[in-house]
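Read through the structure below, which is laid out as structure tokens, and then see the notes.
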Amino acid sequence: MQANIFPFYPQPRTPFKFDTKIIEIIIICIVTACTFIIILPGIRGKSRSIWLLRILTSLFIGAVILAVNFTSDWEMGTITATTVYKSFSHSMLNASIGLWIGLKGLNITLIGNPEYQLNETINYNEEFAWESANQFETSYKDALERGLPFPIVYVAEKFTISSDCGLFQQYCISTYYSSGIMWIAFCSWILYNVLFSMPVILYGIYMMFVTAICMLVSLISFASVRKAPVCNIQFGNSILKTHFGVSYWLSLITGLLCLIISLVLLFLYKTQPKVLQLIFSYGEEEDLSNKSENEEEHSSVLSLNEIL
């Protein structure tokens, strides 16, 4: 390739902004929450606010479980370095290089400092999925054919199967099990919501506990990859280091919240069953029915006394 002649995209490049799947999940949860808020005035009794809190908490847990399966910030890292812009070229570029790892693959970002350099806007975000080894290798070969900037190709090469780093095997296995266990957590989330809607509270509590355990086990599976030897991704004297991202910590907080709630509900079931019935709107209806029956019996007794 001749100097200063770079391949370019056949169409204008649009950098990655938001994942449409995440937006769809957020919209569905917001619409569902608004629906429950609208019907809230039609609910009788003092347990109205408790019912709304229970619904919103359950929606939050379900939304997190579903969303983190598609996010790309379980592990992340950025570095600012001066590096070669294109392969087989002497043009240097000062840019911020980012690595974003999720359960479905990774994203590599490249943003120039400033953005406009070398007569073009440097703002890349390339996705490399690893749902299968062939898919990742195909994405990597496509990146080479398209002539992507050297930093993106260099980082992606570290995750290929043929690389000596072994990052693909480490991350692919850990994310495979993490994603699978997280989907089991989502299934158990659906089950405990169904069980809570029926008078089988104890089984619902058990399934909520299973949901929490599955989330925590999924996090442990993902974190286990950091115990393996790390292959350095180096740009000059700087090393691109990663750390746990927003999705990891959000999943951890949600899993602990789900665990605490299940243990509290189990404690109430053993010690204060009436309080638990009030939370799930069971006790109030029973008390009202008993009260109406007592009033009918009392009125019938009074009528008999008047006749006598």
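Glycine is treated like the rest: Cβ placed from N, Cα and C.
The annotation N-linked glycosylation site is assigned in Swiss-Prot to Asn290.
What Swiss-Prot lists as topological domain 'Extracellular' is 1-21 (among others). If you take every residue in the topological domain 'Extracellular' (1-21) and average the pLDDT, you get 51.
Residues annotated as topological domain 'Cytoplasmic' in Swiss-Prot, with sequence analysis given as evidence: 43-49 (among others).
Listed by sequence, the residues of this chain that lie at least six past the ends of the topological domain 'Extracellular' (71-91) yet keep a Cβ under 8 A from its Cβ atoms are 1, 3-4, 6, 19, 22, 97-107, 109, 113, 118, 122, 127, 147, 149-151, 153, 175, 222, 235-236, 238-248. The topological domain 'Extracellular' feature in Swiss-Prot is assigned to 71-91 (among others).
Each residue of the topological domain 'Cytoplasmic' (113-175) gets a DSSP state, and the totals for helix, strand and coil are 32 helix, 15 strand, 16 coil. Annotated topological domain 'Cytoplasmic' per Swiss-Prot: 113-175 (among others), in sequence order, evidence recorded as sequence analysis.
Sorting the topological domain 'Cytoplasmic' (221-247) by DSSP state (H, G, I as helix; E, B as strand; all else coil) yields 9 helix, 8 strand, 10 coil. Residues annotated as topological domain 'Cytoplasmic' in Swiss-Prot, with sequence analysis given as evidence: 221-247 (among others).
For 269-308 (among others), the entry in Swiss-Prot reads topological domain 'Extracellular', with the evidence type sequence analysis.
Per Swiss-Prot, the feature transmembrane segment maps to 22-42 (among others); the stated evidence is sequence analysis.
Annotated transmembrane segment per Swiss-Prot: 50-70 (among others), in sequence order, evidence recorded as sequence analysis.
Through the fold, the transmembrane segment (92-112) approaches residues 16, 68-85, 118, 121-131, 136, 149, 151-152, 155-156, 159, 171, 175, 178-179, 182, 222, 233, 235, 240, 242, 245, 247 of its own chain, all at least 6 residues removed from its boundaries and within a Cβ separation under 8 Å. The transmembrane segment annotation in Swiss-Prot covers 92-112 (among others), and the record cites sequence analysis as its basis.
With a cut-off of 8 Å between Cβ atoms, the residues of this chain six or more beyond the transmembrane segment (176-198) that come close are 54, 58, 61-62, 65-66, 68-69, 103-104, 204-208, 210-211, 214-215, 217-219, 221-222, 251, 280. The transmembrane segment annotation in Swiss-Prot covers 176-198 (among others).
If you look up Swiss-Prot, you'll see 200-220 (among others) marked as transmembrane segment, on the strength of sequence analysis. Long-range Cβ contacts of the transmembrane segment (200-220) within its own chain (Cβ-Cβ under 8 Å, at least 6 residues beyond either end) map to 61, 65, 177-179, 181-182, 184-185, 188-189, 191-193, 248, 251-252, 254-256, 258-259, 261-263, 265-266, 269, 276-277, 280, 282.
According to Swiss-Prot, the transmembrane segment annotation covers 248-268 (among others), on the basis of sequence analysis.
Panel annotation: around the topological domain 'Cytoplasmic' (221-247), residues 67-68, 71, 73-83, 97, 99-103, 151, 154-155, 158, 163-167, 170-171, 174-175, 177-178, 181 of the same chain, lying at least six beyond its termini, place a Cβ under 8 Å from a Cβ of the stretch.
Helix, strand and coil counts from DSSP across the topological domain 'Extracellular' (71-91) read 0 helix, 10 strand, 11 coil.
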